[in-house]
Amino acid sequence: MSPKIVVLGPPGAGKTTVGELLASKLGVPFRDVDSDIVETAGKPISDIFTQDGEPAFRAMEEEAVAKGLAEHDGVLALGGGAVLSATTRDNLKGHTVAFLNVGMAEGVRRTGMSSARPLLTGVNPRSTFKALLDARMPLYREVATVEVLTDALDPEQVADTILEFSAIKGVE
Ligand SMILES: Nc1ncnc2c1ncn2[C@@H]1O[C@H](COP(=O)(O)OP(=O)(O)OP(=O)(O)O)[C@@H](O)[C@H]1O
Ligand SMILES: O=C(O)C1=C[C@@H](O)[C@@H](O)[C@H](O)C1
Ligand SMILES: [Mg+2]
């Protein structure tokens with residue numbers, strides 16, 4: 001058992017929105033690793049960051065991604081920072097992985113200043129987002145089998161582009 005498509009990218013790239021669309025187009029279930037972590041921890045991600053710290057969150061995330069890759073056979077969305085783990089990058093080898101890219105201006109616009117995104121709540125979300133993009137871009141590209149720049153596309157167009165380039169078939 002293995003996901004048909006793994007979706008990843010920075011916050012606001014549209015992983016949840018496009019992931020759900022892809023799943024419905026393919027007729028398969030959608031699973032979001034961020035939601036799995038919240039369920040396992042029994043508290044929101046922002047609380048995990050403030051109460052347990054980012055390293056504890058990353059350890060939970062690594063485990064949750066491995067579990068999702070092993071158990072789920074639909075569309076699996078990863079958290080924005082999941083690729084920071086070398087183990088996760090290794091685990092992604094052989095999978096169809098869609099990197100949803102988004103530029104700084106559009107990414108900041110989409111994410112707003114929600115406290116649900118603990119890494120983007122600092123004094124300057126624009127420079128934080130830019131630093132995060134710069135640091136992670138090579139990691140997203142290392143694992144991606146298809147990359148879509150989403151800035152000027154609606155979620156439907158992003159999903160169709162991924163399907164077109166990945167030659168993935170729905171459930172027969
Ligand atoms: N291609 C798009 N065009 C315009 N708006 C979009 C697009 N994709 C997503 N959005 C909007 O951007 C916001 C963030 O989308 P979404 O929650 O799917 O991103 P995400 O990558 O899952 O973020 P996170 O990393 O925080 O989970 C939502 O309001 C969504 O409707
Ligand atoms: O970009 C990140 O590092 C994160 C993105 C979210 O999906 C969550 O996984 C968490 O808020 C961390
Ligand atoms: Mg999401």
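Just so you know, glycine gets a Cβ as well, placed from its N, Cα and C.
Just so you know, TrEMBL annotations are computer predictions that nobody has curated.
Counting only same-chain residues at least 6 apart in sequence, those with a Cβ under 8 Å from the Cβ of Thr16 (ATP binding site) are Asp32, Ala77. According to TrEMBL, the ATP binding site annotation covers Gly12, Ala13, Gly14, Lys15, Thr16, Thr17, Arg117.
Under the heading Mg(2+) binding site, TrEMBL lists Thr16. In the three-state DSSP assignment, the secondary structure recorded for Thr16 (ATP binding site) is helix.
Per TrEMBL, the feature substrate binding site maps to Asp34, Arg58, Gly80, Arg136. For Asp34 (substrate binding site), the same-chain residues that are 6 or more apart in sequence and have a Cβ closer than 8 Å to its Cβ are Ile45, Ala77, Gly79. The secondary structure of Asp34 (substrate binding site), as reduced to three states from DSSP, is helical.
Take Asp34, Arg58, Gly80, Arg136, the residues named in the record as contacts for substrate: the widest Cα to Cα gap among them comes to 18 Å. Cα proximity to Lys15 (ATP binding site) (within 10 Å) is found for the following binding-site residues from Arg58, Gly80, Arg136: Gly80. Within 8 A of the CB centroid of the substrate site residues Asp34, Arg58, Gly80, Arg136, the other residues of that chain are Pro11, Glu61, Leu78, Gly79, Gly81, Ala82, Val83, Leu84.
Cα proximity to Arg58 (substrate binding site) (within 10 Å) is found for none of the binding-site residues Gly12, Ala13, Gly14, Thr17.
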